[in-house]
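Listed in Swiss-Prot:
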- Asp23, His24, Gly25, Lys26, Ser27, Thr28, Asn140, Lys141, Val142, Asp143: GTP binding site (BINDING)
- 11-193: domain 'tr-type G' (DOMAIN)
Amino acid sequence: MNQEEMLDRQKHIRNFSIIAHIDHGKSTLADRILELTDTIAKRDMQAQVLDDMALERERGITIKLNAVELHYKAKNGETYIFHLIDTPGHVDFSYEVSRSLAACEGALLVVDATQGVEAQTLANVYLAIDDDLEIIPVINKVDLPSAQPDVVKEEIEEMIGLDASDAILASGKTGLGVPEILERIVTDVPAPSGDLNAPLQALIFDSVYDDYRGVVLDVRVKEGQVKVGDTIQLMSNGKQFQVTEVGVMSPKAVKRDFLMVGDVGYITAAIKTIQDTRVGDTVTLADRPAEKPLKGYRKITPMVYSGLFPVDNAKFNDLREALEKLQLNDAALEFEPETSQALGFGFRCGFLGLLHMDVVQERLERDYDLDLIMTAPSVDYEIIMTDGTEKTIDNPADMPEVSEIKEIREPYVKASIMVPNDYVGPVMELSQRKRGEFVTMDYLDKYRVNVIYNLPLSEIIYDFFDDLKSSTKGYASLDYEITGYRQSDLVKMDILLNGDPVDALSTIVHKDFAYERGKAIVARLKTTIPRQQFEIPIQAAIGNKVIARSTVKAYRKNVLAKCYGGDITRKRKLLEKQKAGKKRMKSVGSVEVPQEAFMSILKMNDEESQGK
């Protein structure tokens with residue numbers, strides 16, 4: 001392809017993303033776009049084509065961003081190259097959205113005609129506005145009887161400030177409005193800027209590990225071009241590799257001779273060491289490097305921490321390898337080795353939220369065939385020591401002695417809860433119960449309210465989302481952002497089994513709720529810890545003070561079965577012998593803590609844990 005043809009190709013490239021709140025139908029709309037551009041043969045078509053992870057299909061949600069190249073012949077007779085990047089809608093995966101948008105010039109804002117603008121719609125739109133993208137509003141699901149497109153148009157204008165007079169009315173199910181969407185992408189989304197002859201600058205927005213090809217880099221080329229045989233250099237560490245293959249996803253991998261300005265594709269270069277690459281790095285050519293790297297991504301900070309341990313300790317290295325490979329594909333995951341007396345060697349992992357944690361555990365167990373135990377989640381706590389020093393901990397087991405602590409601070413979030421008017425009461429009640437502090441309440445229209453609360457993050461990560469959905473019949477939507485740390489009256493609660501503290505079961509709780517939480521944990525453990533030959537006392541303690549206790553009764557063999565009548569002293573002797581044996585067994589016996597015990601604490605029910 002000569003210079004002129006390349007410049008003409010650049011003019012015909014359109015890069016766009018689809019952003020929406022969870023369940024507003026963006027993956028279905030993406031299916032219709034793939035169908036209409038003949039990217040996928042009718043016989044290969046299936047629901048949510050771009051959600052190619054088994055886990056995504058099962059849960060019906062998008063977890064990973066996905067890039068795909070389409071070819072569309074517009075009404076003006078010219079063929080355009082579209083790069084569509086499908087994004088997740090859940091608050092835990094907003095980092096995936098921000099990375100997708102950095103690779104685009106435009107975005108389709110999809111809003112459900114029956115639900116209207118929701119919390120995550122707003123959060124994602126602001127990301128797109130920050131990146132200065134051209135936004136095309138699409139009102140989806142207009143074929144439903146309960147659709148209110150005019151009301152939704154008003155909401156888009158009032159809440160987001162976008163002109164929605166020419167918003168496209170569409171249905172991902174029937175395909176209505178999809179041809180109009182494609183035409184608007186051609187006319188409204190600008191072609192990528194960038195100099196074809198400048199030194200190569202390509203932004204790594206995702207990566208994945210392939211057993212045969214090594215690390216596969218997903219890139220958006222911002223300047224210059226790259227082809228097979230070129231020697232590339234990673235600008236963060238100066239490492240050099242020879243390109244073995246370049247191509248695009250359509251939606252399966254299609255090899256190409258080169259990638260140029262505006263292209264969204266992949267590069268393989270026999271990169272075998274996972275640590276050499278990171279998302280947000282810039283790829284350039286070794287013999288003609290760019291002067292400075294592209295603006296990468298802000299460092300993402302995990303919000304929730306949990307211990308991850310292999311059931312079989314011999315699998316520790318397998319778990320490390322699996323986490324390293326997964327981290328390539330999930331840039332928000334953080335981990336470091338840790339040791340637990342109860343569970344052996346494992347890793348302390350940082351996640352963006354509870355769904356992210358759940359998804360990581362499931363991907364590790366499925367894709368890497370590991371059996372794992374996950375401890376109850378915790379957040380970062382700032383501890384001011386009596387000598388004036390500061391310490392940050394994310395593991396209750398690391399909590400210093402009470403005598404050394406001056407104050408403990410915990411992270412707070414500003415939670416924005418959008419809810420129909422009828423459910424404001426239950427939402428406020430739930431937020432107050434979770435130690436929330438009311439900030440303000442805005443009436444969005446006649447039907448819906450945006451309630452804003454300051455809440456401790458530790459209260460949100462357990463079951464706040466589940467409780468919110470059940471108390472509002474599924475109508476509420478939630479978005480939150482960290483606002484800082486505040487001093488709180490927190491204590492460390494230890495769980496003792498057979499008199500020994502189990503470090504993996506320790507939790508940090510608010511003093512006011514310690515008794516109820518301790519009582520509930522002890523009751524839950526009693527039902528999940530299997531009975532032994534000796535009885536097991538389960539205790540919840542703060543310092544040396546036991547605040548709750550229960551006992552798992554022992555199995556007993558009937559030692560009197562062979563005694564038919566006879567002297568009572570004979571029976572007493574047998575019973576005393578059994579008692580002595582049980583006592584000896586108890587002093588040396590160790591208690592196995594099953595995975596269900598950890599999970600039962602993870603999903604503590606609100607009525608138990610905070611004594612409604």
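Glycine too: its Cβ is placed from the backbone N, Cα and C atoms.
Whole-number maximum of the Cα to Cα distances across the GTP-binding residues Asp23, His24, Gly25, Lys26, Ser27, Thr28, Asn140, Lys141, Val142, Asp143: 17 angstrom. The Cβ neighbour count for Asp23 (GTP binding site), using a 10 Å radius and every protein chain shown, is 17. Using a 10 Å Cβ-Cβ cutoff, Val142 (GTP binding site) registers 20 neighbours. There are 24 other CB atoms within 10 A of the CB of Gly25 (GTP binding site), with all protein chains counted. The most densely surrounded of the binding-site residues Ser27, Asn140, judged by C-beta neighbours within 10 angstroms, is Asn140.
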